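Colleague: Starting off with a structure, shown below.
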Amino acid sequence: MSSFRYLVPLTTILLICCSKQHSAILYASTFSLFGYIAANWMIPRVGNAFIKIGLFGKDMSKPGRPVIPESVGAISAGIYILVMLLCIPFMFYKYMVTATSGGGYRDISVVEAGEQPTSFFPHDKLSEYLSSILCLESTILLGVADDLFDLRWRHKFFLPSIGAIPLLIVYYVDFGATHVLVPGFLQNWVQIPLIDLGAFYYVYMGAMTIFCPNAINILAGVNGLEVGQSIVLSLLALINDGIYMTLGHPNTWENHRFSAMLILPFLWVSMALYNWNRWPAKVFVGDTYCYFAGMVFAVVGILGHFSKTMLLLFLPQIVNFLYSVPQLFHIVPCPRHRLPRFNEKDGLLYPSRANLQETPAKGFFIPILKLLNFFKLIDLEYDDKGQLVSCTNMTLINLTLVWFGPRREDKLCRLILRLQFGVGILALIARHALGKVLFGHDNLWTID
């Protein structure tokens, strides 16, 4: 989407204003620009090196299926980690160097909007920051291993949760809240306003660290889509941060500043990658970027304490996963690749299909397929005898083509990204509107 080149800088500027020019946001924005410049310069120069070591793939949706460097998203991920490490002394400078009265005594540090005066170094915030970096580094290593060795799904599916252990330990030590608020209309029945989930809440957060990386990886296969959806999710998360830093209770400002500090550099290095991955792609992002991107959002949602809101932004990815379940669990035949079918004659993408004659779907699922076909949620093909021959592959990409007809690859990507952005905006509106209805108040405007 060419509008990204305007939305990304505009969102950054608005976020700086919403944060009242807080130093952490200013530093994050400045280093984000350096990260963008470095990534945009490096990505086109490493392609041949990646091809030489066997990291390449064929673009199945182009005439002649050209060979393109694969796993180049690792460059953006590596630069992000470097940017976050370089930010540390600047982010915490005001706590390390303060005005002193001499004799080795530390006086009260610099105070900014929404902060309390303190003479103590914020070790809790530094531990959250460092655990985030450690978690993301572990996820990047998983992605690199997948790109190099093509790990099986059953081997790699749960690995992100292992990388998230430092994150969950820091959450337990520094915050530790495991209760959820009971909706108002249920409180009269259960007689309690809060339910403490205990260890199950950590299971939920661990599941989130598994879902988010895999969700980005599943909704893929079109030039620019993996990194494009990550940019859209970043913009939506930053919009949410800006709203809280403008209208929210001061107690929420710190969490959303932390969120913005992590997302801003990610947004800019992703924008650099998008320049080379959008149609017609010069590089492929690889699994490394998909896992890394998903984990960024999981980390932000957990340590920013808005994991449920983050999952609302992932609604298209959740729908794509649920829609894909019959094929992922082989209830319906699942081919090796479920990419849209490219027609070289007109240059358009058509829904790809699963052959139901060679490998029939499970008998109990046939009526469900017919029901989905009735509601235009899948397209079924029959032979002259009325026997079921094939069905469209069950991905959101193919469903979009079923609904809107054949599209050129770049137009298909833009359409999906616009749907993602529109659904995300509606989700944010619904989150705050329904919060008032379900719980009697919305924490955006709650003052207590």
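Each residue, glycine too, has its Cβ placed from N, Cα and C.
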Colleague: So which range, 9-31, 216-238, gets flagged transmembrane segment in TrEMBL?
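Modeller: Matching range for transmembrane segment: 216-238.
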Colleague: Might you confirm whether the transmembrane segment (216-238) is in contact with the transmembrane segment (415-434), defined here as three or more C-beta pairs under 8 A between residues 6 or more apart in sequence?
Modeller: yes
Colleague: Decide whether the stretches the transmembrane segment (288-306) and the transmembrane segment (185-204) have at least 3 CB pairs under 8 angstroms, with pairs required to be 6 or more apart in sequence.
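Modeller: The transmembrane segment (185-204) and the transmembrane segment (288-306): touching, no.
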Colleague: Which sequence positions outside the transmembrane segment (72-93), separated from its termini by at least 6 residues, show Cβ-Cβ distances below 8 Å to it?
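Modeller: Tertiary neighbours of the transmembrane segment (72-93) are 23-24, 27-28, 31-32, 34-35, 38-39, 42-43, 46-47, 50, 121-122, 125-126, 129, 132-133, 136-137, 140, 143-144, 147, 226-227, 261-262, 265-266, 269-270, 272-273, 276-277, 283-286, 288-290, 292.
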Colleague: Per the definition of 3+ C-beta pairs under 8 A with sequence separation of 6 or more, do the transmembrane segment (216-238) and the transmembrane segment (258-276) touch?
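Modeller: With 3 or more qualifying Cβ pairs, these stretches touch.
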